Every structure is written in C-alpha cells, then in structure tokens.
C-alpha cells in the first residue's frame, strides 16, 4: 500500500474534523445578557483541495460551507456586523513521491495549529467585556464549590451545592417533597423514609418475612402478600388456581400440587381403521382449549405430524396414512397453551385393498382370475374358491406379481358351476380386506352333432348329451340368406327335427346347452335340403318356329334351370336357363310340328325332378306380300309361298268404306289379280294359308287405285300480278287440288285448292311474265295426272316520276324501272302553250335530260313502257325552268371583323339580291341587298375565320343560282399569357386562345444567357409545358398564332424554374419505433434537406438534414403506425417539391396470451392488446390431430371465445395482429379442452338386488370412467372402469331402494362433467326390515353390514352386522372379539353408545340393544359363539332383553341350550357395570378388577368383554362353564334374532356381501 493509502484515513478524519469543528460559532450568546448589539459570533472555515491522485474519501459536510457563510448563522441571526467569519483556502500540490505527501500533511497540520492559536487569541479578545455588569465577579470564587463559565457568565456548581455562587448545600432529590433539607440531609415526613424521603414505609415491616425495598416488601421465598404475612403455594398455583393457606385449589382442567399440569385425556381408542386412515376417539372434556393430536409410524418418530383439534370434537380421522402400517397416536389436552401428559395408542392401518378383480377367461373346467395389486407391498395372496352352493372351499397361495396385476388360473372345475372366489392380501401376520367375486365355468357343449333324414323342407339333427346340469338345449339353424330360427329342445333329448326349411338350401345348424342365462359353446353341422322341381309348366305365345315355356320357380337356391324339347321325329335339344328366370322362348322350331318339353332345376351336380308338357307350332304365313300393276280399277298381288304343307291360300281385299271381297288361290300359286276396283280408293289386302281348320297368321298390305286427273284447264282475268285458272272436276273422292305455276326463269309455287272448287286466282305474279300452270288432284300421298296451260301477265307502268337538276333551259326527269321485261320507254314533255316534244329511251335507263326548254316555263312530262305492241299505263309530273344568277363575285377591304363583297348584276328582272355569309362552324347570316346595288359590307365577323359568301337573285319565291366565294378575316393575337405549374425542369405556359381559326401556335422561350428554342403546338391548345429547362433559370416566353403563312402579333412573359426535388425516396430497415429513409440527392445547389414525418393521427415531426447527406433515421415512432414521410430541398426561402413515401412501423405482437374458462368445446383466450392501430386480430387454433381454424377478432377486443373445439383435445393457439396485408409476430399458447361426459347413462335388467348400467362413450379420448353410486345410509362407492367398458353391473343392493348413480370420464387428472341417473331395485318383502331375519327374507343371503329400521320405522335406521350363516342366519351380531386390537376397557358412555368396527371387533351399544329388544312384540333369543383355534361351542337362551338406562340396562335372559355351558343365567337380572359406573353387588368394582364392562353380579361367570389374551384369573375373555376363569377365549361373537326363526321357512337366492360389483 502506498503512502497515500496509509494517510487516507487520518487525512480524511482530519478534514472532516476541521469542517465540523472549526465552523462552530466562537462565542454563543450569554443567557445573562439581553443586548443583541453586544453579541459577536466568530467562525472560520477551511477549504482544502486534495489532489485527485490521493485516495482520501471525505464525506460532504452536512452544513454547506459556501463562501457567503450563511450556513454558519443560527436561524434568526440577522446582524451581519456581529458575525465574523474567517475562511482559509488550502491547496495540496500533487506529490512527486510518498515523502512529499508526508511533508505536505505535516505542513497542513502546522498551519492549522497556528490558525487555531490565532483563533484562541481572537476569542480571548472578543470575550473581554462580554458579560453583563456585576457578573464578572463570579469568575473569581464560585464559593470554592464550582467552576466559572465565561461563555455563560455563570457558575457550574459541584455535586451537593447550589446557588448562584455555589454556596448552598443540597439534599438528595430535594427530599422529593416528603421532608425538609437540614444541612444537606433530609428529615422525612411520616410515613416516608429513605435518604431522599422517596418511599413510604413497608406495611407491617414485611411481617419479619421479607425486606423492604423502596417501600415494597421483597418477601422471602415461602411467603407472599403485601406484607409477607401469607405462606406461598407451590409455584403460586401457576396462575391456574388459588392459594389457600399454602395449598393450591386448581381451576377445572388443571391438576397437580402447583396446578401446573393439565388433566390428561381419557379413553383414547381406535374406532375404525382403513388402508390410509385411523379414526380415533376419546372422552370429551369441556375444560380444555383444544386437543393436540400427533402420530407417526412406529420406529419413525422423526416423521411425527401434529394436528390441533377443536375442543368440541372428540373424534378425529387421521388420513393420508400408509396401508398396513403401525402408528403411535398421542393425544394431549391443551389449556392456556399448556399441554397435558400424553395418552398413547398403537393402531395399525388396514392392508391396502386389492384393486378391482375380475375373471379374465371362463372355460368349462377353469377360471382365469386377475386382480390389480394394491399400492402397498404385500407378501402374497390367499385365494379361496368353492362352489357357491356347496361347503367345499379350496385355498391356494399366490405370489404377488411384479406387474401391476396378479393372476391365477383355477383349473379342475366342474362345468356349468358358479364359484365364489376370495382374494386376500397377506403381509406378515396381517390379512387385508378380502375382495369377493364370482365366476362361473362354462357349460360343456354338445358333441358329435349330425344331420340325417333330409327332405326338401325337413332335416333330423342329433348329438351326444352334455355333462353339465342344464335347463335345455337350443338348436339354431341359419339359411344362406341369413334367416335364422331357433328351437328349444328338452334337456333329456339329444335329437330333433328341423321343419319349415327351404328346398335346396345348405343350412348351418348350431346346437348348445343353456342354464339360466349361461350358454355352452356351440357345436355346429350342416343340413342340405333336396331341390324342389318346377311346377305349373305351360306353353304360350306359340308361333310357327318358336314357343314360350313358363313355370313356377323352385324355392331352392339353384344354379340354373334346364329346358329340353323333342319333336315327333325324335330330334332333341337342351337349353340352360338362368336361375332368376321363370320362362324361356324355344326358337328354331319347325312350323306345324308338335314338341314334348321337359324342365328341371340344377345346383352343382344335383337335379330336381322333371316337369313336362306338349306344344304344337303354328303354320307359317305368306311373306313378302306386294302389289303392283295398279290402275284406276285393278291391281296385282303376289307373295312368297309358305313352308308348311297346306290346302290353299285365301286373299281378301277391303275398301276404305268397308266393302270386302274374298278370293281362294290354289296352294301352288303365289299371285293373283284383283279386278272391279274403284278409282282413288285404298284397299287393304290380306293373304293367309289354310290347312283344315288351322290357319296361318295373315300377311297384309295396302294398295290404293289411281285417281283420274282434271280436264279443260283455262286462264282468264289477267292483270300485272294476277290471273284466274279454272278446270273440270275429277270423279274420284280426293282430298284437294294442287295448282303449280312456274315462271320462265324456273321460279315455282304451289297452291292447294279445296276439293269442292274447280277454279282459283293466282296472285303475287310478276308483270309481263308468261307462266306455265299445272293442275292435279291429290288424295293422301297419291297424285292424279296433271293438266297444264300457259298465261302471260300485263306490263307495269313506271313509278315515282320526279323532276330534278332544273336549269334555265334544261330539266332532268327520273323514275323507278318497271318489273316487266320491256323493249323501251317513251318520254313526252309539253309546255303550257302546247308545244310538245316526244322521244324514246332505252329499257335499261331510268332517267333522261329534257333540253331546249325556255327559262321560267312550266312543262308537263309523261313516261310509259312498251313491249312490242303492248304498252303500260302513263306516269306524269311537272318541270318549271330556273332564272339566271349573279357573276364575278369578289371580296376586299378585309379586317379582323369586316369585309366588302361585290358582283355583276343579273340580266333578269328580280325583286332583290340576297347575301349569305357562313363561318366554318355553320353560323350563318343573310343580308338582303336592293336589286339596284351590286355590293355590300359584312360586319360583326370573327377574326381569323374564313367565311363562305353566297349571293343570289330572288323574284317572288324563286331563287337564282348562287354565286359564292371565300373570304378570311385577319388572325387575332394570344392574350393573358401566363406561366404556372413551375417545376425544376419545366414551365407550364397558358394563354387565352385566339378567336381566329388557325393552324397552330408558335412558342419561343429564351434563357437569360440568350439560349433560345422555338416549337409549334396545335391550334386547339391554349397551354404548353416547356421541358428540358435548367432548374432556377429565368426564361422569356413568346407565343403567337399562325394560319398558313399568316401570323398574329406576339404575346410574351417571363418565368423561372423550380429547384429539383429529391427522388427515389424509399423506406428500409423498419422496426417498431424506427425507420431509415434514403433518396437520390438533388442536382441543384441547396442549403439543406428537410424531412417531415406524420403519423396517421396527424402527429408531425420535422427535422433538417445536411445537404451532403441523402439518408436519415426516423426515431421515436409508434408501433404499427403508418407514417407519411416527405423530403424536400431548401435554398433560402425557396423549396423544392416534396418527395413522399410511406413508412409503416412493424406491428407489435400480442403479449401475455393466456387461456381460461375452458369447457368441452370452447376456450376463452385473452391477451394484452397491442399498441399499434390495427384492423383486427387473427386467432388460429390447431388441434393435436392437425385440424386448423382461423377466426378474426375485432381490434377493440383482447379476448375471444374459441368454439367448435373437440372435447379432450389439446390445441395450439396463435394470436397475431393484422393491418391490411401486414402481420405482427405470433404469440402462442396451448389449451386443453375439457372431456365431454358419457352419454345416455341408463339402467336395465333391474332385479331385487341389482341391475346393469349402460352408456355411450364420449367423443374425447379418455383413460377410463369413475362410476359412483350411493347407498341409503349415505355411503358412497366409487369404481374406476377402463375406457373400453360401456356397461357395469351393480350387485348386492337393497331391495326397493333407489340408488343415485353418477358417471364421469377421466384422462389423467382431467374429469368430465358428471352424468347422473338412478337405479331403483325391485321392492322387497320388507321395505324397512326391523332385524336381520327380515333382511334375510328379502333374499339377502350373505353375511355383512345391512341397514335395519327399529320397529320397521323408516326414520330410525341402524346399521348392523347380520350373520346369515350360523344356524340358518338372521342374527344381529352385537359383540365380537377376534383380534384383541380393540380395547374393551371403556367408560359407561362408550358402552351405552357402542364402539368399534362392526366388520371387526366391536360392541353394538346398550341403547341399541334396549331399543331392539324392548317395546316390540318380537321376542328375541340370544346366542354366544365361542371358538379357540381348534374348538368351538355355543350357548343359546330363548329370551333376551335389555332394560332402559333408568334401570341401568338390566339383563333378562331365558332358558339355556347349547354346548358351551350356562354362564348367563348367573347374570340374569343384573345391571350393567363399567369402571366408572359401579352397579354390581361386589365389594369392589367388578369392571375395574376384571378389565371390562358387563352385567356383573358378584363379578362373573361370563366375561366376554374382558382383557383380550389375559390368562389371569377372571380378567380375560372368559366363559367359565366352558374354559374356566383362566383361559382367554380368542373368538367370541354374541348375536340375537327373533325366537323360533328358521330360514328353512323362507326361500330366496343367495347374495354376496354388500357393495361388491362385478364388471363385464
């Protein structure tokens, strides 16, 4: 460590001391002085600068040492002149080496010492004359008993002295006001004592048993009280009692000579033990604050647990214990936080109950039993089994499997027998609770099953009988189509006949034995019935070479039918027919031949019997019947001859009106001619063959005779488009006439004419055309011969004759041409004065010019057509000639709005001239001019417009031809030339358009340096953009109009271009709160760039950027906000246009995503909302099996409910925010939906003692079910079932009771909702049995716990243990000793109320025995069953009654019988005694001396409640007549039942113990 380090602490301490001490005022104000002007405060401060290299840590002075020194003034001091402050500034130089530092410190100390000496001198000077007048003398003496203080101008007296000059002695405490001071000593007033009279004297001077200290007696150890006159009790009774003459009288709950002990608890005992709990009780005590119960496994005291039990409670169920473990249970009473001495109890929990047991496999001779190993360790299992109805029981030892389950295969069993099986876990000498189940071996099945004597519908079945005792056999036979029938066969038969079978079917036959609802394995065989034969074989639809055969189908399932047919000459054929057909057609037969037909069914190689019949074929009919050589009254008929041997042919023909004739034709002919027919008649012709009375089918055809044609055809009444045709009518009966007319070019039309007319008019003809006309008669499709002629139409006249192109001497006429084919046209025109001219025009012309006409004359014009000598009608019109018009029209003296027009005058006599001028856009004006003028000036014209000018003469309504010319006005110049829309490289120039119609505008722009450019733009434009300009340059702009070579005056203005703006502005590197922007720099010389960014809600920031930079980072942005970013350049006050872009920050993602309120198909999720302004949230949830759904959620929500989920499924949930197409990062979580409950929980098959529950599984994947059902006494039983199970049988239930049942599904720790139902057993004979005999009569055959009802009153239930086995059963057991684990040395209250576990050792209770045996008409008998390890005995008394509590539960017993000897008669009539209630006649308390509670007399002959295992005389469990007083009987059971009850008088099925369940 360097020297700086060594000196750091002394120097720091020194500096702090200087700052704190030296700054104090030098002279405080004297209390004896009041003139403030004399007060002077002297202070000095040090400011020491220490080099930074020094390791000196100096804490800041809490009082500021500012240069003004104000901190040195006390509050309220305002006289600055009286305050003298010295400030000392000391600076230490940085030392070159450690010795330099030491020298510096020494110098510092020396300097400070000198300053302090100077300060002391100054203080001495300041102190002079500071004290008030006369006070200075005190400083010379203070009477020799004090010290003068110049600071205060007063004496500070020594101890024992007082006064201004310390000349007066003082007494201690000024005698405290209880005496007077004499020469420094107190003389006390009575009753005070002491050197300072501070305390009163002690009472009675502490009675000689103590010392008085400051007025209070300090008593000797064995005395107390204010005056120590009372003798002290031990420990002053510990505050838990009062002391009287040295003896403590304790409060209730305390004991001991000093009342320091709390009364210990009494009667700690075990009421009930289970696998993991011990129910303990003790005698209640109202004088405690609470009980302290502790317990630990034997030998593991360090594992002690302690519970605090309220004083109102005197039982406690210790839970969470280990099965099969011994525990030390300790109970203490606690009062005023003092614990009593403990009472201990050694108790053992039951071995863990074996889990569910079941029969895995049942065979005829074995049962495979399996059960779940308990959670605790066991050594092995005892498995007992025997027939349910017999006494034989076999026991085997089964080692515990290392697997979760153990099993044992019981073999060598009797078929069809129900066995009772018990599994008991063993650990050391401790047996666990047994689990009971039943198993039934299968019935052996029939063997050697055979079928014989099979017919079409019957079969006989036989078999070897089974060994088992059965009720019947069942025979089931199943057809191939699945139809099933069953029949029962008596158990003493081994064969039966199956009837009602279907023919040809292979039946599967099963035979098994049944007893009750149990069936054996099925033996099977097959029975094949014979095939039945077809019936009702018939033939029909016979033709000459085919016939149809049909039959009723067989019942048997066959492969096919076979049809055989044989002709008279012996030819035979066979045809297979499908099995689903019931008919077929035989083809290829010979006509007129008789056949024999056979039909039978086949299946494989089996055939049915054959059915047969006979059938002859028909004669074949003539074919190809045709008619030819038809005339109006004859026709020829021919046909192909038949194959059959016949006698003749027959021909019949029938007219349409029914007239029939018949003609025979020899068999060797095949044609004939029919004569005498009527014209135009259709005949139906039939031809057939005959042989004897047999006829073939008729061949037929139709043959119409020809129709006669019309005659004398003529035409008349011809026009241009019509002509009339007529003829003589035909004789035949026809449908109509047909008229056809054909032009020379082949155009043809046909017209039907009614049969009752003989003329018609043809219309729509073309003029001047010669038509060929044909007329004929029709009937159906038959036509007569045609009559014909020719007829031409008239020529048509010209139409639409008009006059046009009229001049002063000519006129053009035109017309529509005629349709007719003509030679020429003729034109004639005649003036009003009768002058006529006529000329010919070619047929192809439709107009001509009339010449040589006189001006102003109206002519009539006629035009007509000619063909040869044939002429059309004439067409006429009128044609007037025109007057002449002006000539040499010229314009001059043109301005922008006027021009002058002149012309040569017309020769004609007119009324006026008309001048019209029209602009190009159609605006027209007309001006009349006097007939004697030939010029005029047009005014109000538009500039630059070329006008069309027309001039003509008028006379009346007639106008001459117009003379015309064109005259343009001058062009006007552009106006209001202006520059707008300026950019860095363009100027937009606009102007008001000229009025003139121009060709173009010319634009010229010239820069300040003289560079000039010129360009043309369209006349329709009124603005243009000058491009390619240099930024910031001033330009002169000129604009003028042009039309052709003509130009307007020039308009001009000036303007300059803008600064260019940044380009390619882009955003990149965006985060939630920053964004980087960049741009291309401008070309212009600028001062800076400006960046402005504005959020969507209008928040704007603006920052400058140096001109040499082209990017910047925007900070302080908000997440998910789209910012509008603008960047522009600045130079002076001028700015470029702003470049814009968008910069959306990233959306922040949802946080703290959690799920809650999860149901089977919904889950509520919530999250912290994002800060960003978004459109929506998106939620995606994906099930474990991959199904995914997405839903949008409003941006205002931060939670949503997911619906449509699958029960019991884990979902992965993602939530993210969206704005437009943008998305935040996804937050995720998981949600596990609840399991849905089972469905349709229903009972069925309910009996007196049980029923079956069924349900449908939930949709969720589960591990299993928990089924819970409740007994009438409130006991709830819970059964865990595997997931594949959907039914459960409840057994051993009480009759006529409704059991609430609930079922939940579970998966791991998950539970579904509960579904509930009730199962009501069938009512019993005794709905509320009053004792075990009635319970037994309700068909409860197993011993165990049951609920009875006192006197049958449903409101007074009592749970008792019923012995259903001993001597016919029906016993209420009220006492049992068999293990010694339960202490029977109990108080009176315990014996009254009862104690213990009815399934183990217990005492039912005197109150219950009294209620059972008194106040009822039933007389009870009592039985004592006594057993040692190899002997047993019993004693029965035919009467038993226990009196009320008022009579101390006096015992009454009747007559004895049995093998144990009469011990109870001695106790008859005696009251019950316990160690705290002595009701016997002995000198001492028999219960106390014999360790029990009983109906003692002068003690006992029977002591069943004595100390278990005790062999001392009369202290053990004794039955003196049997084993004497020195043998403790290991097993005693006392029980009662109605006198004379016998089970043999009642019947009922046996039953297992309550609550046992059997799984399927």
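Glycine too: its Cβ is placed from the backbone N, Cα and C atoms.
Among the features that Swiss-Prot reports, signal peptide is placed at 1-26, with the record citing sequence analysis. What Swiss-Prot lists as domain 'EGF-like 1' is 167-198. According to Swiss-Prot, the feature disulfide bond maps to 171-181, 175-186, 188-197, 202-212, 206-217, 219-228, 233-243, 237-248, 250-259. Here Swiss-Prot flags 230-260 as domain 'EGF-like 3'. The feature domain 'Fibronectin type-III 1' is assigned by Swiss-Prot to 264-353. Per Swiss-Prot, the feature domain 'Fibronectin type-III 3' maps to 445-532; the stated evidence is sequence analysis. Residues or ranges marked as domain 'Fibronectin type-III 4' in Swiss-Prot (evidence: sequence analysis): 533-622. Annotation source Swiss-Prot lists domain 'Fibronectin type-III 5' at 623-706, citing sequence analysis. Taken from Swiss-Prot, the feature domain 'Fibronectin type-III 7' applies to 799-882, supported by sequence analysis. The domain 'Fibronectin type-III 8' annotation in Swiss-Prot covers 885-970, and the record cites sequence analysis as its basis. Residues or ranges marked as domain 'Fibronectin type-III 9' by Swiss-Prot on the basis of sequence analysis: 973-1062. According to Swiss-Prot, the compositional bias 'Basic and acidic residues' annotation covers 1044-1061. For 1149-1238, the entry in Swiss-Prot reads domain 'Fibronectin type-III 11'. Feature annotation from Swiss-Prot assigns domain 'Fibronectin type-III 12' to 1239-1325. Residues annotated as domain 'Fibrinogen C-terminal' in Swiss-Prot, with sequence analysis given as evidence: 1323-1540. Sequence annotations record features per position, and here Swiss-Prot assigns N-linked glycosylation site to 1411 based on sequence analysis.
Overlay of Swiss-Prot feature records on the structure.
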residue: 175; record: disulfide bond; CB count, 10 Å: 22
residue: 188; record: disulfide bond; CB count, 10 Å: 20
residue: 202; record: disulfide bond; CB count, 10 Å: 22
residue: 212; record: disulfide bond; CB count, 10 Å: 19
residue: 219; record: disulfide bond; CB count, 10 Å: 20
residue: 228; record: disulfide bond; CB count, 10 Å: 25
residue: 233; record: disulfide bond; CB count, 10 Å: 22
residue: 237; record: disulfide bond; CB count, 10 Å: 23
residue: 243; record: disulfide bond; CB count, 10 Å: 19
residue: 248; record: disulfide bond; CB count, 10 Å: 23
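In terms of Cα distance, the disulfide-bonded residues that sit within 10 Å of residue 237 (disulfide bond) are 250, chosen from 188, 217, 219, 250. Every protein chain considered, the tally of other Cβ atoms within 10 Å of the Cβ of the residue listed as 'N-linked glycosylation site' stands at 17. Across the structure, residue 206 (disulfide bond) and residue 228 (disulfide bond) place their CA atoms 5 angstrom apart. Using CA atoms as reference points, the disulfide-bonded residues 181, 188, 202, 217, 248 were checked against residue 259 (disulfide bond), and the closest is 248. Close to residue 186 (disulfide bond), meaning Cα to Cα within 10 A, are the following disulfide-bonded residues out of 171, 202, 219, 228, 233: 171. Cβ atoms under 8 Å from those of the domain 'EGF-like 1' (167-198) belong to residues 143, 145, 160-161, 214-215 of the same chain, restricted to positions at least 6 beyond its ends. The two recorded residues residue 228 (disulfide bond) and residue 217 (disulfide bond) have their Cα atoms spaced 7 Å from each other. In terms of Cα distance, none of the disulfide-bonded residues chosen from 212, 219, 248 sits within 10 Å of residue 175 (disulfide bond). Taking residue 202 (disulfide bond) as the reference point, the disulfide-bonded residues whose C-alpha atoms are within 10 Å of its C-alpha, out of 171, 181, 217, are 217. When the CA atoms are compared, the disulfide-bonded residues lying within 10 A of residue 233 (disulfide bond) are 248, out of the candidates 171, 197, 217, 248, 250. The disulfide-bonded residues shown are 217, 243, 248; of these, the one with its CA atom nearest the CA of residue 197 (disulfide bond) is 217. Taken residue by residue with DSSP, residue 206 (disulfide bond) is part of a helix. Residue 186 (disulfide bond): 23 other CB atoms within 10 A of its CB, across all protein chains.
Residues 944, 970-975, 977-979, 982-987, 989, 991, 994, 996, 998-999, 1002, 1029-1038, 1082-1084, 1086, 1128-1129, 1131, 1134-1139 of the same chain lie 6 or more positions beyond the ends of the compositional bias 'Basic and acidic residues' (1044-1061) yet place their CB under 8 Å from a CB of it.
Spacing of residue 243 (disulfide bond) relative to residue 250 (disulfide bond) is 9 Å (Cα to Cα, whole number).
A 10 Å radius around the C-alpha of residue 188 (disulfide bond) takes in these recorded positions out of 181, 248, 1411, in sequence order: 181. Residue 212 (disulfide bond) sits 8 Å from residue 219 (disulfide bond), counting Cα to Cα. Rounded to the nearest whole angstrom, the C-alpha distance between residue 219 (disulfide bond) and residue 248 (disulfide bond) is 19. The disulfide-bonded residues listed here are 217, 250; among them, 217 has the most other Cβ atoms within 10 Å of its own Cβ. The separation of residue 1411 (N-linked glycosylation site) from residue 250 (disulfide bond), Cα to Cα, is 42 Å. The average pLDDT computed for the domain 'EGF-like 1' (167-198) is 79.
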